[in-house]
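Visitor: Mind looking over this structure? Questions follow.
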Amino acid sequence: LKFRLAGYPRKHNEGRVEVFYNDEWGTICDDDFTLANAHVLCRHLGFVAATGWAHSAKYGKGVGRIWLDNVNCAGGEKSIGDCKHRGWGNSDCSHEEDAGVICKDERIPGFKDSNVIEVRKLLARVGRRWRGVGALQAQRVSPRGRCKGHGQQAQPQAGWPSTPLLPSGHDGHGSGLPSPCRLFTERQQLNYRLHSVSCTGTEVHLSMCTFEFYRGNASAACGAGMPAVVSCLPGPLFATGNAHKKRQRQQQQSQPRIRLKGGAKVGEGRVEVLKSSEWGTICDDRWNLLSASVVCRELGFGSAKEALTGARMGQGTGPIHMNEVQCLGTEKSLWSCPFKNITQEDCKHTEDAAVRCNIPYMGYENLIRLSGGRSRFEGRVEVAVGAGDGDQPRWGLVCSEGWGTLEAMVACRQLGLGFANHGLQETWYWDASNVTEMVLSGVKCAGHEMSLSHCQHHGTSLSCRNTGTRFAAGVICSETASDLLLHAPLVQETAYIEDRPLHMLYCAAEENCLSSSARLANWPYGHRRLLRFSSQIHNNGRADFRPKAGRHSWVWHECH
């Protein structure tokens, strides 16, 4: 059995359920449908569970056969075929009764999807052993390029290229280049698990290359070689030298032709490209891991771990510049890949392509934590200081003077918790920790930093007027966020001048919609000359927009 979600309008994790049975796609009738049925179907589709279901062809009427009717699942079945039903193809329904499901937006680990690579599952067999092997020491080499370990110099394993010019790897670094720095392996008993690794260079993960396992006694293996080692060149975001960073920034500012927008974390977002001095998006037709990896490498990240479709990083605005991008994986830029120019009929912004890239493991999330919140997404911010050179870190609080949304954005990003809903300057209600000392003050972020330590701050010379724990900084984070955009062209197209009698403007005056000179007018006689226009505000984000004020504080206005 195969399953898919279809219909319109819908998000990627909801839709009309269609099942492929007996060489034909068909639908499921909503008679006796329950949430338990939806749970089973969502697991078929690779999601962990269902949050709801839809009846009466909410996502549009399907075509073809109605394969199942009166389905009754307990919820734990492995297949929808194991549930009670009237029999395949036996139905008294029409397509106006097609059932749909809304699945929780969380994938089952290891679920096979052509556009997702679940690294942990694919290499679980060998990953545990590699830590002591040195075969993937590049994942553990500091992005600063220091040589770690001691002992004799490593020699390439048999069959491993001596000076590999590899594309950027799944460990998240920019590219693999020969390094003047020598890497050494520790003197220890090495257990080899892989040999004869052969990559073309376009793979997005080492597990996708051809390789062989050592069987039996692995300690006697690899007689003709040594552990394979690589040295990686960090991308511009992860380079440590200020001059190098400055040069990279200047290069990016001079001619950035690609960017990621709408993602909460570093290395993820909607792909936008610059053409004819106008930023636009990419349609997701044929969007796959190879093309996504070209984007990631062009931006200085590693290969892609997910190629996202269906505007999962929010909808863009403006033109859609590219469609059916088909990269081989060797290209230096997305513009070098074959693609089609499109017309407005071909694609809509509901089909904007996005990526999640592999990035180097920097360990920033170990230097920050939240305490006292009702969930892991909120709390008082605590940071670790003095954690270098093997010392035990000292945890402390952040002074809330000047703490706002930009600083909260960086904190939530560093925590890996997504977007910032609020940056809080008073956190007396989260007083649950024994950490009471202020260790960071004067924090001022631009919003793009990966860690609070990258923002401006006072350093060791603390300056905080209110040092009590009540005034420690706090955050509320969210995995998704709304993104409101005014449709500016519509304002321009619809603007006009109108003379309107004053007796028709009482409500506008009460709501302060008229200029201050209106108070001096001879009410209700005379008129005002108004600039009139229509406006549309679109929510292009990934969450519903709700006012920050609760309903209890809304004001009912008599004009409405």
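Each Cβ is built from the backbone N, Cα and C atoms, and glycine gets one as well.
Annotated disulfide bond per TrEMBL: Cys29-Cys93, Cys42-Cys103, Cys73-Cys83, Cys283-Cys347, Cys296-Cys357, Cys327-Cys337, Cys445-Cys455, in sequence order. Annotation comment: TrEMBL describes 3-104, 258-358, 368-478 as domain 'SRCR'. Annotation source TrEMBL lists region 'Disordered' at 142-163.
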Visitor: Reported in the order helix, strand, coil, what are the DSSP residue counts of the domain 'SRCR' (258-358)?
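Guide: Per-class counts: 16 helix, 33 strand, 52 coil.
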Visitor: Using DSSP, tally how many residues of the domain 'SRCR' (3-104) sit in helix, strand and coil.
Guide: 16 helix, 35 strand, 51 coil
Visitor: Which of Cys73, Cys93, Cys445 (the disulfide-bonded residues) has the most other Cβ atoms within 10 Å?
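Guide: Max Cβ neighbours within 10 Å, all protein chains included: Cys445.
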Visitor: 10 Å Cβ neighbour count around Cys357 (disulfide bond)?
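Guide: Other Cβ atoms within 10 Å of Cys357 (disulfide bond): 28.
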Visitor: Please list residues from the chain of Cys42 (disulfide bond) whose Cβ is under 8 angstroms from its Cβ, counting only those at least six apart in sequence.
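Guide: Expected: Val48, Ala49, Ala50, Val101, Cys103, Lys104.
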Visitor: Are there any residues at least 6 positions away along the chain from Cys29 (disulfide bond) with a Cβ closer than 8 Å to its Cβ? List them or say none.
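Guide: Correct list: Ile66, Leu68, Asp69, Asn70, Val71, Ser91, Cys93, Glu97, Asp98, Ala99.
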Visitor: Could you count the residues of the domain 'SRCR' (368-478) that DSSP puts in helix, in strand and in coil?
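Guide: For that range the per-state counts are 20 helix, 36 strand, 55 coil.
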Visitor: Since the record lists Cys103, Cys327, Cys337, Cys347 as disulfide-bonded residues, which of them has the fewest other Cβ atoms within 10 Å of its Cβ?
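Guide: Lowest Cβ count within 10 Å among the disulfide-bonded residues (Cys103, Cys327, Cys337, Cys347) is Cys337.
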Visitor: Looking only at Cys83, Cys283, Cys296, Cys455, which of these disulfide-bonded residues has the biggest number of Cβ atoms within 10 Å around its Cβ?
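Guide: The most densely surrounded of these disulfide-bonded residues is Cys296.
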Visitor: Looking only at C-alpha atoms, tell me how far Cys73 (disulfide bond) is from Cys357 (disulfide bond), rounded to the nearest Å.
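Guide: It is 38 Å, counting Cα to Cα.
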Visitor: What's the CA to CA span in angstrom from Cys296 (disulfide bond) over to Cys327 (disulfide bond)?
Guide: 13
Visitor: Express the distance between the Cα positions of Cys455 (disulfide bond) and Cys283 (disulfide bond) as a whole number of Å.
Guide: 35
Visitor: Roughly how many angstrom lie between the C-alpha atoms of Cys283 (disulfide bond) and Cys327 (disulfide bond)?
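Guide: Between the Cα atoms of Cys283 (disulfide bond) and Cys327 (disulfide bond), the distance comes to 14 Å.
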Visitor: Reported as an integer number of Å, what is the Cα distance between Cys347 (disulfide bond) and Cys337 (disulfide bond)?
Guide: 19
Visitor: Write down the Cα-Cα distance for Cys83 (disulfide bond) and Cys327 (disulfide bond), rounded and given in Å.
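Guide: Pair distance, Cα basis, whole Å: 43 Å.
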Visitor: Taking only the disulfide-bonded residues Cys83, Cys357, Cys445, which one has a CA atom nearest to the CA atom of Cys337 (disulfide bond)?
Guide: Cys357
